[in-house]
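Asker: Swiss-Prot feature annotations, pasted as is:
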- 1-53: region 'Disordered' (REGION)
- 1-10: compositional bias 'Basic and acidic residues' (COMPBIAS)
- 89-109: transmembrane segment (TRANSMEM)
- ASN213, ASP283, PHE317, LEU318, GLU320: Ca(2+) binding site (BINDING)
- CYS241-CYS272: disulfide bond (DISULFID)
- SER385: phosphoserine (MOD_RES)
- CYS570-CYS666: disulfide bond (DISULFID)
- CYS673-CYS685: disulfide bond (DISULFID)
Amino acid sequence: MDEDKGKRDPIQMSLKGCRTNNGFVQNEDIPEQDPDPGSRDTPQPNAVSIPAPEEPHLKAVRPYAGMPKEVLFQFSGQARYRVPREILFWLTVVSVFLLIGATIAIIVISPKCLDWWQAGPIYQIYPRSFKDSDKDGNGDLKGIQEKLDYITALNIKTLWITSFYKSSLKDFRYAVEDFKEIDPIFGTMKDFENLVAAIHDKGLKLIIDFIPNHTSDKHPWFQSSRTRSGKYTDYYIWHNCTHVNGVTTPPNNWLSVYGNSSWHFDEVRKQCYFHQFLKEQPDLNFRNPAVQEEIKEIITFWLSKGVDGFSFDAVKFLLEAKDLRNEIQVNTSQIPDTVTHYSELYHDFTTTQVGMHDIVRDFRQTMNQYSREPGRYRFMGAEASAESIERTMMYYGLPFIQEADFPFNKYFTTIGTLSGHTVYEVITSWMENMPEGKWPNWMTGGPETPRLTSRVGSEYVNAMHMLLFTLPGTPITYYGEEIGMGDISVTNFNESYDSTTLVSKSPMQWDNSSNAGFTEANHTWLPTNSDYHTVNVDVQKTQPSSALRLYQDLSLLHATELVLSRGWFCLLRDDSHSVVYTRELDGIDNVFLVVLNFGESSTVLNLQGIISDLPPELRIRLSTNSASKGSAVDTRAISLEKGEGLVLEHSTKAPLHQQAAFRDRCFVSSRACYSSALDILYSSC
């Protein structure tokens, strides 16, 4: 019994016959003290057993479960909780639908955003004359890359580089030996790839020349065609002709652009081949589907290299009449054998033939395969020189059939005598004939025409630049025009060139050092202009009144003013001296009024006689005379010197395009209005 009790006592204390209750046993369970101390056994140590604390059972620990379901339902059904909840729910639903509806509405009413080729100027470069990087006297691709910072400082958005393909003609124009090779004088394919990457790193775009009509007579295709080798037999236009004692009798009277017969006898094939240009430039046979596929494959090759677009040159020559009928003489009384100049025939059977536009549209479809990524639209421009305005407009395509984004507008380069009337006629001719919704463009120069300064005179260069940047559409500048470069005199040149176009291809004038800073070589492929000591980039950078500084101001104005890129254009007046027009946009009160004097003497304009509610004074935003910038002019008597131009600005709530008196003289490519409250453009106005 005691043994059992001892087992139950976890702790026992013995002190001189006293027992203390440890609190874990009942008092009655403690045995009584032995009266005989001697009979007590020696105390033995007792083990203390402390049980480990029990781990709480996981199922016993539960989170707070909240209000029971029955109670929750009791409260949630009360009106003071149910009504706010339903209001918030339906407000959320309505807000979501309103947001979706507003987004759809903005998308529907907003006009199409401007593409990159619409949003800024294009700068055309003749690569052999821009900048030499390897000291051989010839410009090259690395030279262009070195000057990209200069180009971006002009607020240029797109570079247009003319032909750089491997060519047998020394002026590297159109006689291409290999469409997939860079001519060594310009560099390597790696140089081109580096240039494309650098251009894109600067946020710029690149378009290049492409000449599908013909090749060099040294092209492998032509060499194979001469020997009737396989599929290349009909890659060119061959026809039987007689050749006796070195004298060729051609199949018909068709003439080359450069004069004389467009047929040349080939000693290998014993037939005549057709060439619209030089005999070294045989025309491809675009009635052969295999030729069209070859050209599309070349287009794909350059697009895969990162090119953003093409200028398709000489496309009106792609097809000729099948039956080889003689073309009609301009002067029917002229002896046929004396007709040798291109202008002496009507070229009804060798240009703009039925099916030509279908080929161009097919090129467009090939390019569209690379235009599907956002911001990667591929541009197509078409060269349409010497075409009537009606034929030129055909390159825009049809309402539902896409073709060129625009044909290049070179009509300013063909003005005979500069005046207010002739400038007005060029503008109205394009704007009145351009299909609805299409985009205009304006060029003042190029490698095939005399330079702007030499055509119109240095005193009108600034006014022409002001015109270029304030007209609606894309301005296109030929290298050197921004500083007023002129033609050079070329005599006794001993290479195979079209000498009439060499005058506008002189080296770019960068500074007043040797060779105008174009090259460190001892010679240049063409002579520099003798005025390069004063007409150069470095000098004009520091002159507030220089052509370069005004060009930069105008390009910046074009880039920052929505009115100039999207607004209405209203022609108000033209005479032998002046052209007056406004640029305005619905929703923006600020209006630009442009006055330009292209006459041979000074003139005075009364603008209030044209616009009755015009303020008595207007502020000059920009002027060809930098000293008058920011000042005010009397609108009843604006005095303009010869070649002077002003960009005036004022505020009005009554834009001219909404007034019946001016409505028929106003044009817009894509109708747009501005909401200042939402800071958006919309088209339903």
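Glycine is treated like the rest: Cβ placed from N, Cα and C.
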Asker: Between the Cα atoms of CYS685 (disulfide bond) and LEU318 (Ca(2+) binding site), what distance do you get, rounded to the nearest Å?
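Answerer: Rounded to a whole number, the Cα-Cα distance is 43 Å.
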Asker: Roughly how many Å lie between the Cα atoms of CYS570 (disulfide bond) and CYS673 (disulfide bond), rounded to a whole value?
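Answerer: Their Cα atoms are separated by 16 Å.
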Asker: If H, G and I count as helix, E and B as strand, and all else as coil, what does DSSP give for PHE317 (Ca(2+) binding site)?
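Answerer: Assignment for PHE317 (Ca(2+) binding site) reads helix.
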Asker: When a 10 Å sphere is centred on the Cβ of PHE317 (Ca(2+) binding site), how many other Cβ atoms does it contain?
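Answerer: Here the count is 23.
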Asker: If one measures from the C-alpha of PHE317 (Ca(2+) binding site) to the C-alpha of CYS673 (disulfide bond), what distance in angstrom results, rounded to a whole number?
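Answerer: Roughly 42 Å, rounded to the nearest whole number.
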Asker: Reported as an integer number of Å, what is the Cα distance between CYS272 (disulfide bond) and ASP283 (Ca(2+) binding site)?
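Answerer: CYS272 (disulfide bond) and ASP283 (Ca(2+) binding site) have their Cα atoms 12 Å apart.
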Asker: Which residues in the same chain, at least 6 apart in sequence, have a Cβ under 8 Å from the Cβ of ASN213 (Ca(2+) binding site)?
Answerer: GLN276, ASP283, LEU284, ASP313, ALA314, VAL315, PHE317, LEU318
Asker: Give me the count of other Cβ atoms within 10 A of the Cβ belonging to GLU320 (Ca(2+) binding site).
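Answerer: I count 22 other Cβ atoms within 10 Å of it.
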Asker: Note the Cβ centroid of ASN213, ASP283, PHE317, LEU318, GLU320, the recorded Ca(2+) site, then list each other residue of that chain whose Cβ lies within 8 Å of it, in sequence.
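Answerer: Output for this site, in sequence order: HIS214, GLN276, LEU284, PHE286, ALA314, LYS316, LEU319, THR350.
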Asker: For the disulfide-bonded residues CYS241, CYS272, CYS673, CYS685, work out the Cβ neighbour count at 10 Å and name the residue with the minimum.
Answerer: CYS685
Asker: Which three-state DSSP class does CYS570 (disulfide bond) fall into?
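Answerer: DSSP assigns CYS570 (disulfide bond) to strand.
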Asker: When you measure from the Cβ of CYS570 (disulfide bond), how many other Cβ atoms are you left with inside 10 Å?
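Answerer: Cβ-Cβ neighbours of CYS570 (disulfide bond) within 10 Å number 24.
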